[in-house]
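Visitor: There's a structure below that I have some questions on.
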């Protein structure tokens with residue numbers, strides 16, 4: 001299984017309150033004891049001034065909001081282009097997955113999507129499970145990071161958005177991204193270890209439950225999140241496993257579940273000595289993948305998703321958003 005910025009200044013979305021003023025009372029005198037004729041003129045002038053100031057501020061709000069919208073649209077377009085030209089959607093998904101996936105609320109506590117992996121002196125940037133992410137994934141994102149962080153978006157929010165753009169670009173569901181994750185300031189903001197927080201590909205059912213249940217996921221969620229293996233491949237120099245799970249590793253659909261049920265897999269061992277399973281066509285499954293067929297509580301969802309892609313997309317979206325938002329509060333719908 002593939003195995004959140006310092007607060008950015010919020011975009012202004014509401015009209016500032018009017019300038020405080022004492023409302024005149026009805027009668028002979030209009031403004032602070034001035035006669036009615038003069039007072040009426042002063043009232044009108046004051047009212048015009050307030051309207052002008054308010055309209056000016058409103059124009060400023062619209063202008064700032066428009067610029068924010070343009071920045072967001074430009075960011076999304078740049079991410080779409082990156083995914084298309086570099087065919088890097090899978091590793092962007094893995095980046096967000098491992099950034100957020102360290103969260104736990106069981107025996108181990110804490111962890112959240114905070115982009116701590118960008119620090120490689122210690123912590124999450126040095127975890128074996130994250131091999132290839134601080135260098136390859138962040139290298140691919142570097143031009144976009146330099147263009148938009150921190151003026152438009154924070155690191156952790158960017159990683160989250162990049163994954164969701166990648167999923168959609170590869171044919172998957174359109175997943176709404178919320179913003180407001182706080183970026184790690186150093187490697188000391190990492191969790192203590194990957195052990196007990198990120199899943200191992202060579203483990204069985206009990207391990208999957210031990211990892212995911214403390215994150216708030218049930219068996220159905222575990223199967224849905226496992227379906228992200230429908231894209232990407234294992235790299236020998238990173239995970240010790242080798243090969244793609246599906247025939248079209250850049251297409252996000254329900255093929256992972258279909259092939260798991262339809263293909264025959266035989267035991268295999270990589271050059272690094274890691275056990276895996278390989279089909280006649282060369283695609284692979286890990287022990288943690290085929291474990292989903294060994295328990296009826298898992299297998300029933302595999303069978304459902306193999307037959308109904310819409311059901312898979314719906315359940316994946318629910319579980320994926322929860323994963324990306326675990327451990328963070330105060331998220332907002334826009335930058």
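Every residue gets a Cβ built from N, Cα and C, even glycine.
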Visitor: Pick from 132-154, 155-177, 178-200, 201-223: which stretch is listed in TrEMBL under region 'Disordered'?
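Guide: In TrEMBL, residues 178-200 carry the label region 'Disordered'.
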Visitor: Summarise the region 'Disordered' (178-200) by DSSP state, stating how many residues are helix, strand and coil.
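Guide: Once the DSSP states are binned, the region 'Disordered' (178-200) shows 3 helix, 1 strand, 19 coil.
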